[in-house]
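Features of the protein shown, as given by TrEMBL:
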type: TRANSMEM; residues: 34-57; note: transmembrane segment
type: TRANSMEM; residues: 69-92; note: transmembrane segment
type: TRANSMEM; residues: 113-138; note: transmembrane segment
type: TRANSMEM; residues: 158-184; note: transmembrane segment
type: TRANSMEM; residues: 191-210; note: transmembrane segment
type: TRANSMEM; residues: 240-261; note: transmembrane segment
């Protein structure tokens, strides 16, 4: 007998880069990814084009006068929530049966979750930047063609608002939706939690719960913090936070969601 006869062969776990590559391949191998991408582009670039070239010039000008970035961000805002569903579905799909195979190939569940979150976080700025730039150019060119007064494309606050809002919203809200999907095991449920419980409901309740609530809780919700970073919130308003504080709030939301999702994934069955 040689000295290795009694040794047990130990498999080598795939590195994190291999896990990310595997999840990336899985992402583009399913038709639903392409369908969701098409929906995002239709609701953002497509709708901006329709508004610019087939909409009423008077209505567009009035909407832009009412809120400087209303026209620019309208379609982009719809795309953010479709992207959130994309992030949630990327994770929730594992609880429909594929997780059994995923976690046999990669026993470290945290690495799989980190890989999925990284993909959502990386795609957000790329897709968000393309959508924001196209929304600005299409809507303002359309307004110019009809004789209306467009926004100043050389104004850095315009690009801070458009890029900051769309990119940050897609990135942060998309990652939150992906992590919440671990907790609720369902993409629609995760979208509902992020859209309603973490964004819309706290702001809606501000109308009924008094000044103390209105000037404290809503500004710390993810959507409000994104608006502060993007320069959309007016200093002194109920939703305003200084940029550094708002960025810290966003990081805290992602961190809390990561801890909860990682714990849930590590201690529960994949079903």
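All residue numbers here begin at 1 and follow the chain in the order shown.
Glycine too: its Cβ is placed from the backbone N, Cα and C atoms.
Residues 27, 32-33, 36-37, 39-40, 43-45, 47-48, 51, 60, 63, 113, 116, 119-120, 124, 127-128, 131-132, 135-136, 139-140, 143, 151, 158, 161-162, 165-166, 169-170, 173-182, 185-188, 190-191, 194-195, 232 of the same chain lie 6 or more positions beyond the ends of the transmembrane segment (69-92) yet place their CB under 8 Å from a CB of it.
Tallying C-beta pairs under 8 angstroms between the transmembrane segment (191-210) and each of 34-57, 113-138, 158-184, 240-261 places 158-184 first. In terms of C-beta pairs under 8 Å, the stretch of 34-57, 158-184, 240-261 lying closest in packing to the transmembrane segment (113-138) is 158-184.
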